[in-house]
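Structure first, commentary second.
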Amino acid sequence: MASLQHSQAIKGAKVLMVGAGGIGCELLKTLALSDFQDIHIIDMDTIEVSNLNRQFLFRQSHVGQSKAKVARDAVLRFRPHISITPYHANVKDSNFNVDFFKQFNVILNGLDNLDARRHVNRLCLAAEVPLVESGTTGFLGQVTVHVKGKTECYECQPKPAPKTYPVCTITSTPSKFVHCVVWAKDLLFAKLFGDKNQDNDLNVRSNDAARSSKNADDVFEWGENEDIEQYGRRIYDHVFGYNIEQALSNEETWKNRNKPRPIYCRDVLPDIMTQRNGNNVDKTDDLSSASAMASLGLKNPQDIWCLMENTKVFIEALKLFFTNRRKEIGNLSFDKDDLLAVEFVTAAANIRAASFNIPLQSLFEAKGIAGNIVHAVATTNAIVAGLIVIEAIKVLKKDTESYRMTYCLEHPSKKMLLMPVEPFEPNKSCCVCSETPLSLEINTHRSKLRDFVEKIVKAKLGMNSPLIMHATALLYEVGDDLEEDEIANYNANLEKVLSELPSPVTGGTMLTVEDLQQEFTCNIHIKHREEFDEEKEPDGMVLSGWTQALPEKKDAKTSNGNGASTSKSLPTKPGNTKIDTEVKEISDGTVSPGTKRKLSEFSDGSPVDHSSDVDETRNNKKIQKHDDEDELVMLDHWDGDMSKKQRLP
C-alpha cells in the first residue's frame with residue numbers, strides 16, 4: 001500500500017525545475033529515472049564550452065543553444081514517454097507569476113545567484129507551493145526544504161551581501177592579492193577598455209596632464225600616430241610608476257605600513273626585448289592574435305609568472321586589444337571567459353602586487369578571484385540532485401515529520417559524508433514570511449530616492465518591480481502600463497533627496513515598499529543619521545531589524561541519519577538532550593555575527609563543529625560565487641568532539 005501511494009505521488013505530480021546547469025542536469029535525469037511524468041524547466045542560459053566538463057546532458061555541438069531545450073531533448077531520448085516542458089527564459093519574467101507557480105506541486109531550485117533564489121522563494125510563499133532549495137561548492141553541498149508556515153523560508157536567515165572593499169584600500173593601500181585583482185579588473189581594465197564616460201578612481205594625473213583640466217585624461221588616450229607598444233609602456237609607467245610615487249608623497253599613509261616601490265617598464269623590460277618578441281609573433285596564428293600567452297609562448301596557466309613575464313603579458317595583451325579588437329574598445333566589460341581580458345587583469349594585478357610586496361599568483365588563481373569561481377565537482381552535483389528528489393518525494397507524500405536539511409561534507413567524520421538536520425521553524429523576525437518591519441538609518445538630506453531604490457530596494461530586498469509609498473503618496477513605481485507623464489514624474493523623484501520629495505521622507509517616516517509580481521510587501525521605518533563610516537558602511541545607509549528568532553524548544557527525537565529519515569529528529573546522547581549551535585552567515589571567507597539557536601544532536605550522538613576562524617590558509621575554505629552552484633552551508637574542520645555549527649545561506 002505504501003509503495004502504491006509512493007508511486008501515485010510521483011506519477012501524479014507536476015514539478016517545476018528552475019535552473020538546468022550543473023545541479024539541474026543531474027536533477028532532470030534523476031527525476032526522469034524516478035518516474036516523474038510531468039516536468040517543467042526554466043533556464044535563461046545558453047550552453048558554453050566551460051559547462052561541458054560536468055553538465056553531462058550537453059555536448060560540443062550544443063554550444064550556444066538553450067540549456068533547458070537541449071536538456072529536455074537529451075532526457076527524452078531515454079525516457080520518451082514522459083512530458084518535459086522547457087522555457088528558455090528568465091524566471092523573473094512577468095509571465096512566471098504567482099498563478100503560474102500555483103499549478104505545480106513542488107518547486108525545485110538549482111540556481112546560481114541570490115537574486116533569483118529570493119525571487120522564487122517569494123513566489124512560492126505567495127503561491128503556497130513547497131520549495132526545495134539547493135547549492136554546491138566544490139565538495140560541499142546542501143539541500144533544504146521550505147514550506148510556508150511549517151519551516152523557515154529561504155530568507156528567514158539574512159544573506160550576507162557580496163564582499164566589497166573600500167575604494168581607498170583598492171586604490172591606495174592594497175594588502176591582499178584580491179585587492180590587486182579588483183583594482184586591475186574594476187579600475188584599470190574599465191578605464192582602458194570600458195565606457196570612457198564612467199566615473200573611475202584611476203584619476204591620478206601625470207604632471208603634463210594635470211596642467212590642464214581639458215587634458216586631464218590624456219594619459220589614458222592612445223594618440224593616432226603613437227606606436228601601440230609605446231602607448232602600453234606609457235600606461236605601465238603611469239599606473240605602476242608615477243601613481244605609486246604620488247602615493248608615497250603622503251608620508252602619513254605609510255607610517256604603519258610597508259611602503260610600495262614604483263615600477264617602471266624600462267627597469268623590467270628593455271626596449272630590445274619586446275621588439276624582438278614582437279618580430280617573432282606569427283600574425284597568421286589565430287590563437288596568437290587572441291591570447292597574449294600564446295603570442296609569448298607561455299603555456300601553463302598554473303605557472304606563476306615573474307615580473308618580467310607579467311610585464312610582457314601586460315604589454316602584449318594591451319597591444320592585441322588595440323590592434324585586433326579596436327571596435328570593442330569603449331564597450332568592453334570584464335568577462336571571465338574572455339581569455340585576453342583574464343590575461344591582462346592577471347598581469348596587471350601581479351605587477352601591482354609586486355609593487356606592494358604581495359605574493360604573485362598564477363593566471364588560474366587570478367581568474368578564480370576575478371570571476372568569483374569555485375570549481376565545481378560533478379559528483380557533488382549528483383549527490384545533491386538525489387537529495388533534492390528524496391525531499392521532493394517527502395513533500396509530495398506530505399510526510400512533514402521527515403523533512404530534512406542535508407549537508408554534504410568534504411571529509412568523512414564518524415563515517416558520515418551526509419549530515420541531516422531537522423528544518424528550523426519560521427523566523428518570526430523575517431520580513432518576508434512574517435512581514436516584520438525593517439529599520440533604515442540614512443541621511444535623508446543627502447541620499448536620493450535613487451540611492452534608496454538601488455542600494456536597498458533592489459540590492460538588499462531583491463525587488464524587481466518596486467512600488468514605494470509614503471502614507472497615501474506614491475513616490476515611485478515601475479510597470480509597463482505607466483503613462484509617459486507618470487514615468488517622467490517618477491524619474492524626476494529618483495533624482496531628489498528624500499527630504500525634498502513631494503511627500504518628504506524624514507526621520508520617523510514609515511515607507512511601504514511592494515513588488516506586485518512577487519506579491520511581497522515590506523514596511524521600512526526611516527531613521528535619519530548624519531554620518532557614516534566610509535569603510536564599514538560604504539553604502540551610506542544601514543538596513544536592520546532582520547534579526548534571527550530563537551525557536552521554541554522541542555524534545556529530541558530519533559532519525560536514521562541518512563537524510564531520508566522517516567522519524568522526527570536526530571538522536572542524542574543519554575542525559576544530554578540539547579546542544580547550543582551557533583548559526584552564522586559566511587561569505588567570501590568572512591564571518592558575520594550570528595545568534596545561537598537550538599539544534600538536535602547529530603546521528604551518532606556527537607555534536608558538530610564549524611570553526612569560525614575562516615581565513616585564507618589552505619586548511620580553510622573560502623566561499624565564492626561561481627558560475628553554476630553557490631551559496632551553501634560551510635562545514636569546516638568537522639569533528640565529532642566539537643559543538644558549534646556555521647551555516648551559509
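Cβ atoms here come from the backbone N, Cα and C positions, even for glycine.
TrEMBL lists Cys153, Cys156, Cys430, Cys433 with the feature Zn(2+) binding site. When Cβ atoms from all protein chains are considered, those within 10 Å of Cys153 (Zn(2+) binding site) total 23, not counting its own.
Here TrEMBL flags Cys168 as active site, glycyl thioester intermediate.
Sequence annotations record features per position, and here TrEMBL assigns domain 'Ubiquitin/SUMO-activating enzyme ubiquitin-like' to 440-532. Within the domain 'Ubiquitin/SUMO-activating enzyme ubiquitin-like' (440-532), the DSSP-based counts of helix, strand and coil residues read 24 helix, 30 strand, 39 coil.
Annotation comment: TrEMBL describes 551-629 as region 'Disordered'.
The annotation compositional bias 'Polar residues' is assigned in TrEMBL to 558-570.
Taken from TrEMBL, the feature compositional bias 'Basic and acidic residues' applies to 610-619.
Each residue contributes its Cα atom, and for Cys168 (active site, glycyl thioester intermediate) and Cys156 (Zn(2+) binding site) these two points are 34 Å apart. Within 8 Å of the Cβ centroid of the Zn(2+) site, not counting the listed residues Cys153, Cys156, Cys430, Cys433, the chain contributes Leu125, Glu152, Tyr154, Glu155, Pro426, Asn427, Val432, Ser434. Looking at Cys156, Cys430, the binding-site residues in this record, the fewest other C-beta atoms within 10 angstroms of the C-beta turn up around Cys430.
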